[in-house]
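Structure first, commentary second.
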């Protein structure tokens, strides 16, 4: 049982990285990014393409990929998504849905439908002994550590820095924030840039841990969604805990039957929705 | 004689689908306190939004220091030293009192106002600086809203209905703070529904009626009849 839970928490680390970007974009501009999953897959493929160009090591590939993703996210928000924002959430949903279809088909065109993965070297087979009969993989442990650091980092950014203050202010009242001199178009673009960098990081780890294929996006979006909603919209620690709950639920499901994993996760998600419709840690508002 | 540093000439503005302002001529000098009175829907709030860039106006309709500033972004206007205390306060609910005040300084205009100075003016805010701004009482929230505007070190402070929903004693306390705030040559424009308060705190007043200026002049120079005529547009 301990092993199932530990494996679930490690899986939760990956899901946390899947969902932080979604949580961030929703928190700052009430924008639900339907293309989240496909962007993760695109990030994975981008890492696979970059790695051979920089000597094959995934860390170097990541160092190239993250600033690139940041720039792509900034441009995406400035040129496309800022035009969809308003009182009505429908335009942004439709546009990101369209973006999702475009990305899937572009990936299919460029990389074909077969699953690909990125070589992690010794890291993929390495493990660390935690108990007498408990071994955990080095890579999953690294992913969980990165997820924890990313969550903590976002939380600190939001609560302690002027940029974080501006994020919260535009989220509360965009018009008044602009009265203070905040350029919300720019603040939104920075939020999406950060989210896209996190998405690319998630894609990199996904391609290291398993495989990516162009059709994976919708399922990854679903996992991200479930994590965010279990945790409660707009709270990063909530998203972290939500991802852990989802990861553990899926592992417990796998224990019963290999086909039950994802399904069991959905069940727990529905159960949380029934018991706590606002998630485990809803954002408290005055 | 001090010069009119901000002026509007024939300013028209739309609010939603309807035209709300039909040619407003307004001016305010450095250090002057002006009141704008008028009934609900007369266009007072729209006028303040037009000055601060929240409602778009023609470039020449608004001049600051003799240069056209109409149609610029709210950020450009606040960096010129025009700050608005919005109607209904509109504090940021997920920010603490101190964070709300720091947002006011976002534009980075240098000047005499700082957190320390604000806390001297409103000591209760220092005591409550770590709590969410919207958990304060109405009067304290209004102090935060005024303080937030002051943190941008404005040359002109625009106050939209700061007495709305507050107890008379609190209204008096807030208006009593105005002279101290304006002592260093800052101009103040207050939008008020309470005519007595407006006359008491200002040197000149404008009365708006259905998007036009119906009365303008020295605050103590009008009879009650003149004001109610301009306010309601009917003979009493």
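Please read every residue number as a count from 1 along the shown chain.
Using N, Cα and C of the backbone, Cβ positions are placed for all residues, glycine too.
Here is what TrEMBL says about this protein:
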type     : residues  : note
TRANSMEM : A:6-27    : transmembrane segment
TRANSMEM : A:39-70   : transmembrane segment
TRANSMEM : A:90-113  : transmembrane segment
TRANSMEM : A:134-158 : transmembrane segment
TRANSMEM : A:187-208 : transmembrane segment
TRANSMEM : A:220-248 : transmembrane segment
TRANSMEM : A:260-281 : transmembrane segment
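The listed stretches are A:6-27, A:39-70, A:90-113, A:187-208, A:260-281; of these, A:6-27 has the most Cβ pairs under 8 Å to the transmembrane segment (A:220-248). Residues 33, 36-37, 39-40, 130, 134, 136-137, 140-141, 143-148, 150-151, 154, 167, 171, 191-192, 194-196, 198-199, 201-202, 205-206, 209, 220, 223-225, 227-228, 231, 233-236, 238-240, 242-252, 283 of the same chain, all 6+ positions outside the transmembrane segment (A:6-27), place their C-beta atoms under 8 angstroms from a C-beta of that stretch. Counting residues 6+ beyond its ends, the transmembrane segment (A:134-158) has Cβ neighbours under 8 Å at 2-3, 6-7, 9-14, 16-17, 20, 24, 120, 123-124, 126-128, 164, 167-168, 194, 198, 201, 205, 208-209, 236-237, 239-240, 243 in the same chain. Annotation: stretch A:187-208 has the most Cβ pairs under 8 Å to the transmembrane segment (A:39-70), among A:90-113, A:187-208, A:260-281.
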